[in-house]
Amino acid sequence: MERSAGMVAGSYRRNELVRIGRHDSDEGPKPLKNLNGHICQICGDDIGLTDTSIVFVACHECAFPLCRPCYEYERRDGTQCCPQCKTRFRRHNGSPRVEGDEEEDDVDDIENEFDYTQGNNEARRLPQRVEEFSSSSRHESQPISLLTHGHPVSGEILTPDTQSVQTTSGQLGPPDRNAALSPCIDPQLPVPVRIVDPSKDLNSYGLGNVDWKERIGGWKLKQEKNMIQMSGKIHEGKGGEIEGTGSNGEELQMDDDARLPMSRVIPIPSSRMTPYRIVIVLRLIILGVFLHYRVTHPVKDAYPLWLTSVICEIWFAFSWLLDQFPKWCPINRETFLDRLALRYDRDGEPSQLAPVDVFVSTVDPMKEPPLVTANTVLSILAVDYPVDKVACYVSDDGSAMLTFESLSETAEFARKWVPFCKKFNIEPRAPEFYFSQKIDYLKDKIQPSFVKERRAMKREYEEFKVRINILVAKAQKMPEDGWTMQDGTPWPGNNPRDHPGMIQVFLGHSGGLDTDGNELPRLIYVSREKRPGFQHHKKAGAMNALIRVSAVLTNGAYLLNVDCDHYFNNSKAVKEAMCFLMDPAIGKKCCYVQFPQRFDGID
């Protein structure tokens, strides 16, 4: 939570800097950029007209040139704010509603959403920066009032005919009647003129930052692709090929798939749910009758014992009732990893998936065997996710030298295990559980070298287990002088209640390579500082320490918390979580994704 608070505070400070920059920019005029009032500053297309035959105005505060498709996209999938003045877009008539529209101070127009007879009234409510010109002589004979903050402006006025109108003596003159209007505009219709304050620079309002550059670049690429696709002619013949593009529609289908939701809810048929719900109701009735009998028939000879048993039975009944709520209406969800890859992880392009920090917590290596922790760590390091976006942090809250040395052995074995898993698509990627499976491990394996390499890897793992067992045997009895490291210095965590903090990076971007020369995810050992007389809050305190350390080293956008005995039985689990957290539709409303736990070795 501390990292989240820091991120929020950082965003607040950036917003403050933006506001200060705007205030300072108002003091001195800045030269205007070569802008065109009828060209969208995002995609470069014409802005177009509304149904009332006036130029479309997206922002009612600064009249920033923005076409209707870009306006709809920003309201639906973007920041819902004007890129120039950062004011939230108001909903125009005919635009679909988005979250937050009900908070607008303006009158709700649900009844008149598609009533375009209100166009004249809407035009009167435009801000002071937009002015209408009509063909009447009344506008030609009178000068136009100043519209830029009430003070004279010298500069260019962007008109629909893309020609500048010069100002004289601080007064704005009417446009030249002989000027050629745009072909898409009727000369008899009123044409609005956008007046841009020369003291404002678009780059100072966020258009120069990295986010907007990437967004503008993405929009331009999409527009170019759309123009190429629309320029081709589709034939009703073999394969429906598109002339001039060299494509049979696969790219267009990929773009459509990338816009689809990344998950869906699988409905459960009522034929399966109704009998189960009937059983729950019958159990509830029987339980109510039983508790009523127990309460109304006390045992006077052993009243304390009867009272204790009744309290326990009521508590168990209440716990059972709470357990039935999620079972009454269960939800099954399905993820679409192919759509996630089309949107964020395309081949040949840098991955845009969010970085993830994985936390593994352990305390006593005698109660939580190091071999179990090693299998969990190996399954994390071999996860199917970009290696530069995964970091594994192991919290040793018992400051045991056994955990430290076993983690060092695990890092060395991971250099061989991770490439083996990714080469042959091994599942699960915890070696102990993979080699113990009683299944046909040759199923779906077509590489001739698989059998030979599997036998060699199994031998490597058995040798790794022997080395871990040797470390466990040595740690059974602690020396009188405490543990000593290989260089002869005493182990800092000999006193688990009074020791300094310890951080060791076993695998990282500098030197963390496997046997094939590929980069491995980061592996960091953390043992937080402990001092007598302080409340350390057990696992919660260890999690807070991991958050602080990871914020400095990797600062992943998402955190995944697992216990030392929770290995990954699905290497694509992180990607499946990203199908919810990075979904443009539900990602902003999703805070947690929890995986179901499956237990091995139980009856």
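Yeah, the Cβs are placed from backbone N, Cα and C, and that goes for glycine too.
Note that TrEMBL annotation is computational and uncurated.
For 30-107, the entry in TrEMBL reads domain 'Cellulose synthase RING-type zinc finger'. Summed and averaged per residue, pLDDT over the domain 'Cellulose synthase RING-type zinc finger' (30-107) gives 75.
What TrEMBL records for Ser361, Lys367, Glu368, Asp397, Lys538 is UDP-alpha-D-glucose binding site.
There are 14 other CB atoms within 10 A of the CB of Lys539 (Mn(2+) binding site), with all protein chains counted. Marked as Mn(2+) binding site by TrEMBL: Lys539, Asp563.
Across the domain 'Cellulose synthase RING-type zinc finger' (30-107), DSSP classifies residues as 12 helix, 6 strand, 60 coil. In sequence order, Thr362, Val363, Asp364, Gly398, Lys539, Ala542, Cys564 are the same-chain residues whose CB sits within 8 A of the CB centroid of Ser361, Lys367, Glu368, Asp397, Lys538, the residues recorded for UDP-alpha-D-glucose being left out. A gap of 5 Å separates the Cα atoms of Ser361 (UDP-alpha-D-glucose binding site) and Asp563 (Mn(2+) binding site). Ranked by Cβ neighbours within 10 A across all protein chains shown, the binding-site residues Lys367, Lys538 are led by Lys538. Taking the C-alpha positions, the distance from Lys538 (UDP-alpha-D-glucose binding site) to Asp563 (Mn(2+) binding site) comes to 14 Å. Separation of the C-alpha atoms of Lys539 (Mn(2+) binding site) and Asp397 (UDP-alpha-D-glucose binding site): 8 Å, rounded to the nearest whole number. Comparing CA positions across the binding-site residues Lys367, Glu368, Asp397, the one lying closest to Asp563 (Mn(2+) binding site) turns out to be Glu368.
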